[in-house]
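J.: Pulled the feature table from Swiss-Prot, pasting it below:
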type: DOMAIN; residues: 1-60; note: domain 'IBB'
type: REGION; residues: 1-29; note: region 'Disordered'
type: MOD_RES; residues: 6; note: phosphoserine
type: MOTIF; residues: 45-54; note: motif 'Nuclear localization signal'
type: REPEAT; residues: 76-115; note: repeat 'ARM 1'
type: MOD_RES; residues: 113; note: phosphoserine
type: REPEAT; residues: 116-159; note: repeat 'ARM 2'
type: REGION; residues: 147-239; note: region 'NLS binding site (major)'
type: REPEAT; residues: 160-204; note: repeat 'ARM 3'
type: REPEAT; residues: 205-243; note: repeat 'ARM 4'
type: REPEAT; residues: 244-288; note: repeat 'ARM 5'
type: REPEAT; residues: 289-328; note: repeat 'ARM 6'
type: REGION; residues: 316-404; note: region 'NLS binding site (minor)'
type: REPEAT; residues: 329-370; note: repeat 'ARM 7'
type: REPEAT; residues: 371-410; note: repeat 'ARM 8'
type: REPEAT; residues: 411-453; note: repeat 'ARM 9'
type: REPEAT; residues: 457-502; note: repeat 'ARM 10'
């Protein structure tokens, strides 16, 4: 697991936290396996590649109908690309070149399955389109060739590779300075598709020095569609974790993104927030650069945006920033983030609720004042309700938030969580299949029991007030059951809790694990009945 905080913070936490079972690196969590899962999903709010599909007007309809007849007939074995089309493409007549390039472009714009492979497998056709990109005296030909190449690059990685190998990228970057906005916009679109293909393609485009001309375009353009496409391309240049882009090559975009966050256009805002979420996903140095660009207050404001596609990436960016150290987390808190996060916990979208819980869990991994701020914002009652009733993926994040608070909180703060009823939902998590969450719940209960032991000693009664609450929630039965868990850390923790907090005079020797000296591991009696009660 990645290191979440600076060494100084690590040392401080290890000394100050009463519970060392969850180390600081674990408590402050970047997206791990769920981040990977999210990246693999086709997100409705953001496409990494886009095809330019023409809106057909009546004048072009007859020609397009004939073209489609030709395309449909190709499914019977005839080629959609005739020898005549290829000859016209290589003609010296610029009118024929334009007409034929337009034909190719229309074919490549057809839904749902454009004949990309047939086009790229026709010798020298892609190279010819790249040649046409250089024809500064004929901007219409440049535009049509750029459009055709854009749609080829919207395909598979292999199809995108053909466009790169034909030498299109440096020329597209030059065209960002074209005098013709249509050509500029189509070049941006093509570069966005290429950068969105893979980290290798993204880095190649960055190494071709795209950033300065792209930022210049963004600064000067007054055309909304151009700005939208440019911000989308920029977000693709910032995207990716394995590996991430070289930060020095993308960080110069931060001042421009800071300005774009004040746009009134939802599409533009969404891509600007996604770009910031990618830039803030990493070590604290990256987080600091994002903070220094002055975006935090506006990102927090955008948490309340009425369009889900804006609020979601804004929340991701805010969540990434609070994976930083306590000072970085405090910047977000100082922007009045907690009332916004409380509001998002009631979102109709489960993914937003889950992400809000994850963000809060990283705040409760902070210092005691930050835990108190979460208490003062009345967030914990909602978290405990989520812990009881939500989908499992959201309950997991709420469990982290509560256990983190029991790890770093004061006795008074822990008592407050107990008074809200956190014990029963933590006990309920002891029967889930996810071993990590079972450990998180056990650690939360251990922190509560440790406080109860201190209170029993102080009162002179010697009675731990929280043992009874755990027994009432059937927690003791579940902890006993975990002594036969396959995970060594879980069964050892369960055994230790039973022995330390629920021990009886006549110890039942059958509960104690035996030690296999040869394997250096514990051996447990197999339960007679199969383990039940597991939930997904």
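A Cβ is built for glycine as well, from the same backbone N, Cα and C atoms used for every other residue.
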J.: Counting only residues 6+ apart in the same chain, whose Cβ is under 8 Å from the Cβ of residue 113 (phosphoserine)?
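T.: Residue 113 (phosphoserine) has no long-range Cβ partners.
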J.: Count the residues of the repeat 'ARM 2' (116-159) that DSSP assigns to helix (H, G, I), to strand (E, B) and to coil, and report the three numbers in that order.
T.: 32 helix, 0 strand, 12 coil
J.: Summarise the repeat 'ARM 4' (205-243) as counts of helix, strand and coil residues per DSSP.
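T.: Helix, strand, coil within the repeat 'ARM 4' (205-243): 28 helix, 0 strand, 11 coil.
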J.: Give the residue counts of the repeat 'ARM 10' (457-502) per reduced DSSP state, in the order helix, strand, coil.
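T.: Per DSSP, the residues of the repeat 'ARM 10' (457-502) fall into 35 helix, 0 strand, 11 coil.
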J.: Kindly report the helix/strand/coil residue split of the repeat 'ARM 3' (160-204) according to DSSP, in that order.
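T.: When I sort the residues of the repeat 'ARM 3' (160-204) into the three classes, I find 35 helix, 0 strand, 10 coil.
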